[in-house]
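Feature annotations, courtesy of TrEMBL:
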- 1-126: domain 'PX' (DOMAIN)
- 149-432: domain 'Protein kinase' (DOMAIN)
- 429-481: region 'Disordered' (REGION)
- 446-464: compositional bias 'Basic residues' (COMPBIAS)
- 472-481: compositional bias 'Pro residues' (COMPBIAS)
Amino acid sequence: MSFLEKPVPGRLLLDDTVPLTAVIEASQNLQSHTEYIIRVQRGVSSDNSWQVNAPITACYTHLDFSSVCGISLPLPPKKLIGNMDREFIAERQRGLQTYLDSITQHPVLCSSLTVKKFLDPNNYSANYTEIALQQVSMFFRSDPKWEVLEPLRDMGWRIRKKYFLIKNKEQPKERYLLSWVDLGPDKFLSDKDLQSAMKLLTGLSTPYLCPLLFSSTSESSALLIRPFSERGSLRDHICKVKPRESYLKKYCNPKKSQGLELPHVKLYGRQILEGLKLLHDGGVVFGHLHASNVIVDEGVCRLTDVENGMLGVPSALRPAFTQLRKINTTESIDVFCFGHLLYEMTYGRPPDSVPVDQFPDAPYTAVVPVLQSILSTEACKSRMPTVSQLIQSPFPLLQVPSRLKEALKTAKESLEKRLHEEQRLLHQHRRLTRAQSHHGSEEERKRRKILARKVSRIHNKAKYRSGASSPPTCPSSPTPPSTTGKSVCPLTCLISLTSICLSSHQSVCLSVCQVKPSTLPGLHCV
């Protein structure tokens, strides 16, 4: 039985990777300070938005990252005298809007708790460090052989995941990493199946997966123990930083980052692919490959946090691959993430955006074709290579019980279904935006005016004809059947129909002269 507490009923599982956008709508003066009214939106739906009233002092207090990570994103300047002047307030609002755009679009800062709490205080007001400490304390009471040495504050980018350096009292010289994490919105395994899957990973021993020594899961969170690597992750090697420093300080503006030597790129790339193939052959969902989830130890790369897919936490690269509709399976996600990682190993930094068609001058020309096969526009729109095609060699299978394999398959399908739905909504939003832009263009407005004039001329001609004297009825023609009520001229109906269609941007061609009198009841023969 798990010692972790049960979740609060009706608990909302947020996807922390969905980007937030912020637009300053107005400002107001309150006594001696200025307050800005900010409209914040999560994702592409305007229905998922809210208002934040932020005093200017709060903006300077909570959003200044220059001292934390040394990044050059200056806030608009302060002014002691004349700070209530209308022109100065408007100028500062424009500067603050530019600053908000910069931090919400920055790949590292956008996911920080500071930014999330400022823009979405209702969902990020909880003290996750305190919650994690409570859960860890309960664990140590149930298993007293473990002891906390120190909390590793801000070690990772996840807001709802905390790390602690611990030791086993029976082996006091060994150091272990304990992590507590909240379950995410992609958790589709039942509690029983999740426990079986975690038990499988705990007993797994393979050269290219970081061993998981202990795991405990509940309905709301998980607690994990694995060996602590003093040498840090692959990203620490690339950025040449100390592993125990905070995530923002290490990766927000690395000044010494450098790509790896070609032998290391080839060796590490091969080892990572073999670890991925092992997971794919066993039907295990991963989707979380990036440089911080690869541990380098004595020349061997090991994938870590392999359990993330089972725990349902969203991928760090989710905002990138949700833009690409052909990346819609967990296998293609892993290949995309591998291409992203290979780019970082080659150039010393991740790509600014994907797809990538113009690659910088690479120190190793042999790597570029592999990058093009994964990250180019053609690859992202058609079909990427599989892990097997990239590795070109078999690897031993991971033996998974049939019942658990079926549960993992169902969870994988549910995860992909949520990805497809999000991609569909994003595609729908793009089409709507393009249609609105086209509808409001000057060329489209001119076209509608021309069509309206044509319809008006046709309508005037019809009115003129209807006002003329009716011609005599042909003697040989039978009398048309009487109609109930007031007869309506079909020509007028056709013109009205044309007006409706033209207002819907459709073309309808009228040819009155080809209409047969017999098909127009209510009109006499000419």
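Just so it is clear, glycine is given a Cβ too, placed from its N, Cα and C backbone atoms.
Across the domain 'PX' (1-126), DSSP assigns 41 helix, 28 strand, 57 coil. Regional average pLDDT for the domain 'Protein kinase' (149-432) in the model is 90.
As a summary of secondary structure, the compositional bias 'Basic residues' (446-464) carries 19 helix, 0 strand, 0 coil according to DSSP.
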